[in-house]
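**Q** According to TrEMBL, the protein has these features:
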DOMAIN    10-210  domain 'Cytochrome b561'
TRANSMEM  7-29  transmembrane segment
TRANSMEM  49-67  transmembrane segment
TRANSMEM  79-102  transmembrane segment
TRANSMEM  114-139  transmembrane segment
TRANSMEM  160-183  transmembrane segment
TRANSMEM  189-211  transmembrane segment
Amino acid sequence: MVGSFHVSILVHLLFIAITTLVLVWLLHFREGVAFNSSNKAKIFNLHPLLMTIGFVLVSGEAIMVYKSVPGKQQRSLKVVHLLLHLIALATGILGIVTIFKFKKESSLPNMYTLHSWLGISAICSFGLQYILGFFTFFFPGAEMYTRASVLPWHRFIGMVIFLLAVGTAQLGLVEYFGFLGLFRSQEALIVNFTGLLLFLFAVFVALSRVLPAY
């Protein structure tokens, strides 16, 4: 019988594949990344790097951690879950700061696309979910019956936010694809396959949550 542990192996492989595609795309085809540079494209490129790998992929790993690491104590898994989400939140915030920095230095307007609206919604919701989860489940921790009643909602809202982040990333890829005027080329294939694998990543993360551990 296929369990969530087996699905998580596939998710880890997708994590590696997506990371490789994004790095090849941005470093080989798009001039690289930088937080400070006279080449503003490098500043922009840091945004998809941070949001895709740091925010989306790491948060997906955090969601799976309870079922992808068998034989660990609940407290240890909770710490790993907390730290992975903290990494995702920090890189997500840095990714938002980067795009605002790029827009300011390039004299471009902010917050006028659906991608930007959904992105701000995702990062703000993620931050609020993290704070509430930290104080409810970790420190100081609510009463046991309160945790039990909140847990299903915590899982559901967390999955909604994760899917929102994936959808926002997909929309960003489509926008950038059009902005660059890509058609049939190696770069176009990399962008399209990145989007396809992100979709599969989201599907299998969600599947890992509903399947039994073993």
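Don't overthink the numbers, they just go from 1 along the chain as shown.
Cβ from N, Cα, C; glycine included.
Keep in mind that TrEMBL annotations are predicted by a computer and have not been checked by a curator.
Let's see these features in context: how buried, what's close, how far.
**A** Sequence-distant neighbours of the transmembrane segment (49-67) (same chain, 6+ residues past either end, Cβ-Cβ under 8 Å): 3-5, 8, 11-12, 15, 18-19, 22-23, 26, 33, 77, 80-81, 84-85, 87-92, 94-95, 98, 119, 123, 126, 158-159, 162, 165-166, 169, 172, 194, 198, 201-202, 205, 208-209, 211, 213.
Away from its own ends, the transmembrane segment (79-102) comes close to residues 35, 40, 43-44, 46-47, 49-51, 53-56, 58-59, 61-62, 65-66, 69, 108, 110, 119-120, 122-123, 126-127, 130, 133-134, 138, 165 of its chain (Cβ-Cβ under 8 Å, at least six residues beyond either end).
Same-chain residues lying 6 or more positions outside the transmembrane segment (114-139) and placing a CB less than 8 Å from one of its CB atoms are 51, 55, 59, 78, 82, 85-86, 88-89, 92-93, 96, 146-147, 150-151, 154, 157-158, 161, 164-165, 167-168, 171-172, 175.
Non-local neighbours of the transmembrane segment (189-211) in the same chain are 2-4, 7-8, 10-11, 14-15, 17-18, 21-22, 24-25, 29, 52, 56-57, 60, 63-64, 67-68, 155, 159, 162-163, 166, 169-170, 173-174, 176-177, 182; each lies 6+ residues outside the stretch with a CB under 8 Å from one of its CB atoms.
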**Q** For the transmembrane segment (160-183), what are the same-chain contacts with Cβ under 8 Å, counting residues 6+ beyond its ends?
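**A** Distant contacts of the transmembrane segment (160-183): 48, 51-52, 55-56, 59-60, 63, 92, 113-115, 118-119, 121-122, 125-126, 129, 191-192, 194-195, 198-199, 201-202, 205-206.
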